[in-house]
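Quick notes on the structure that follows.
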Amino acid sequence: MSGGEASITGRTAPELNASAAPLDDERELGETVAATALLLAIILVTIVGNSLVIISVFTYRPLRSVQNFFVVSLAVADLTVALFVLPLNVAYRLLNQWLLGSYLCQMWLTCDILCCTSSILNLCVIALDRYWAITDPINYAQKRTIRRVNTMIAAVWALSLVISVPPLLGWNDWPAQFTEDTPCTLTQERLFVVYSSSGSFFIPLIIMSVVYAKIFFATKRRLRERTRKLGTLAVPAPPQRTSSRPLAELESVASQEDETEPSPEPEPLSSRADKPANGISVHQFIEEKQRISLSKERKAARVLGVIMGVFVVCWLPFFLMYAIVPFCTNCAPPSQRVVDFVTWLGYVNSSLNPIIYTIYNKDFRTAFSRLLRCDRRMS
């Protein structure tokens with residue numbers, strides 16, 4: 001076969017191998033350049049997106065609410081991932097070796113666990129906050145004070161430290177001697193893997209799944225109730241129910257069933273002034289408020305699916321690999337490409353969080369637009 005190939009091509013097998021080597025090198029170089037460009041783009045999007053979230057909450061008045069402190073904490077966690085974890089990961093993959101020594105390797109890995117864990121735990125706290133706001137809006141509105149929110153945020157970061165620091169205190173299987181050829185990887189000490197994966201992902205995943213399921217079913221129940229109310233509102237109001245109450249009072253009555261939702265855009269004063277103060281207009285006004293609320297709750301139910309779906313898709317592959325590999329001694333270890341892919345898939349969640357948690361919010365979109373246009377009317 002080799003002689004036939006040489007006579008057809010006019011080149012021997014060694015010559016063919018030598019000519020194929022540059023092609024392989026060029027292909028590998030192209031893949032490296034493309035992958036690096038993609039990873040740098042992810043870092044840039046993560047930094048810009050989360051920075052916009054933080055600046056918007058502190059500079060745009062409609063966003064200066066207590067519940068948005070949770071979103072700021074999430075954005076800070078995701079921003080630290082982009083600033084302190086991802087750049088070193090890119091450099092490590094490009095050089096294919098760790099050149100910064102044992103101490104910086106351990107600090108980098110600890111920072112990785114800390115930042116990613118705090119991001120996931122912030123998602124969990126946001127889920128709990130939404131659950132309490134929907135299921136017990138009146139009481140929770142009184143309990144949701146700045147002090148309580150700050151305490152919850154501090155607890156998230158403290159728990160993240162408790163989960164991430166033990167390897168620095170000796171709970172690890174890192175080699176005693178560290179050279180340039182020593183890989184800088186997370187410890188595979190089995191008890192710590194169980195401890196950290198449970199606290200960082202699996203327990204928050206269970207909590208978020210239960211909470212979002214309860215939110216979803218509570219939302220469906222409220223949708224059914226409001227649909228029935230709309231059916232009763234469809235009956236024309238009798239003449240004797242004519243009312244001349246001020247519009248502000250009517251808004252208060254109509255919004256009693258919608259206390260946990262943001263208010264719709266206010267109508268121009270001219271259009272308000274044109275409304276007759278009779279029973280028919282009151283009926284139409286309340287019906288419209290109910291329809292707006294129904295639309296918002298349907299949208300909120302869809303957003304819940306997006307939030308949970310993206311979180312699971314991004315982080316589940318990594319934590320399955322992280323939790324299984326140390327215990328499967330007879331299994332073939334995953335390739336470096338697989339490890340890199342599932343690791344960066346988890347990191348991508350930090351770039352998607354500001355998009356998911358803000359793209360459905362008109363106030364955030366307005367704040368982003370004004371910031372990007374350098375509009376001074378932010379406050």
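Cβ coordinates are placed from backbone N, Cα and C, and glycine is handled just like the others.
Quantities reported herein were computed from a predicted structural model and do not represent experimental measurements.
As annotated by Swiss-Prot, topological domain 'Extracellular' applies to 5-36 (among others), with the evidence given as sequence analysis.
Among the features that Swiss-Prot reports, N-linked glycosylation site is placed at ASN17.
Counting residues 6+ beyond its ends, the transmembrane segment (37-58) has Cβ neighbours under 8 Å at 64, 68-69, 71-72, 75-76, 78-79, 81-83, 86-87, 89-90, 93, 344, 347-348, 350-351, 353-355, 357-358, 364, 367-368, 371-372 in the same chain. Feature annotation from Swiss-Prot assigns transmembrane segment to 37-58 (among others).
A Cβ distance under 8 Å defines the sequence-distant neighbours of the transmembrane segment (69-90), meaning residues of its chain 6+ beyond its ends; these are 36, 39-40, 42-43, 46-47, 50-51, 53-54, 57-58, 100, 108, 111-112, 115-116, 118-119, 122-123, 125-126, 129, 146, 149-150, 152-153, 156-157, 343-344, 347, 350-351, 353-354, 357-358. Positions annotated as transmembrane segment by Swiss-Prot, on the basis of sequence analysis: 69-90 (among others).
Sequence annotations record features per position, and here Swiss-Prot assigns topological domain 'Extracellular' to 91-107 (among others). In this model, the topological domain 'Extracellular' (91-107) carries an average pLDDT of 91.
Feature annotation from Swiss-Prot assigns disulfide bond to CYS105-CYS184; the stated evidence is sequence analysis. The C-beta environment of CYS105 (disulfide bond), restricted to residues of the same chain at least 6 apart in sequence and closer than 8 Å, consists of TRP98, PHE178, CYS184.
Per Swiss-Prot, transmembrane segment is recorded for 108-128 (among others). Counting only same-chain residues 6+ beyond the ends of the transmembrane segment (108-128), those with a CB under 8 A from a CB of the stretch are 70-71, 73-74, 77-78, 80-81, 84-85, 88, 100, 152-153, 156-157, 159-161, 163-165, 167-168, 184-187, 196, 199-201, 204, 207-208, 211-212, 215, 307, 311, 315, 346-347, 349-350, 353, 357.
Annotation source Swiss-Prot lists transmembrane segment at 149-171 (among others), citing sequence analysis.
Swiss-Prot lists 172-196 (among others) with the feature topological domain 'Extracellular'.
The transmembrane segment feature in Swiss-Prot is assigned to 197-218 (among others); the stated evidence is sequence analysis.
Within its own chain, the transmembrane segment (304-325) is flanked in space by residues 120, 123, 186, 188, 193-194, 197, 200-202, 205, 208-209, 212, 215-216, 219, 331, 333-334, 338-339, 342-343, 345-346, 348-349, 352, 356-357, which lie at least six positions past its ends and keep a Cβ under 8 Å from the stretch. The transmembrane segment annotation in Swiss-Prot covers 304-325 (among others) and is backed by sequence analysis.
Per Swiss-Prot, the feature topological domain 'Extracellular' maps to 326-340 (among others).
Feature annotation from Swiss-Prot assigns transmembrane segment to 341-362 (among others); the stated evidence is sequence analysis.
Long-range contacts of the topological domain 'Extracellular' (172-196) within its own chain (CB-CB distance under 8 A, at least 6 residues past either end) are made by residues 92, 97-99, 101-102, 105-106, 108-109, 112-113, 117, 163-164, 166, 322-323, 325-327.
In the three-state DSSP classification, CYS184 (disulfide bond) falls within coil.
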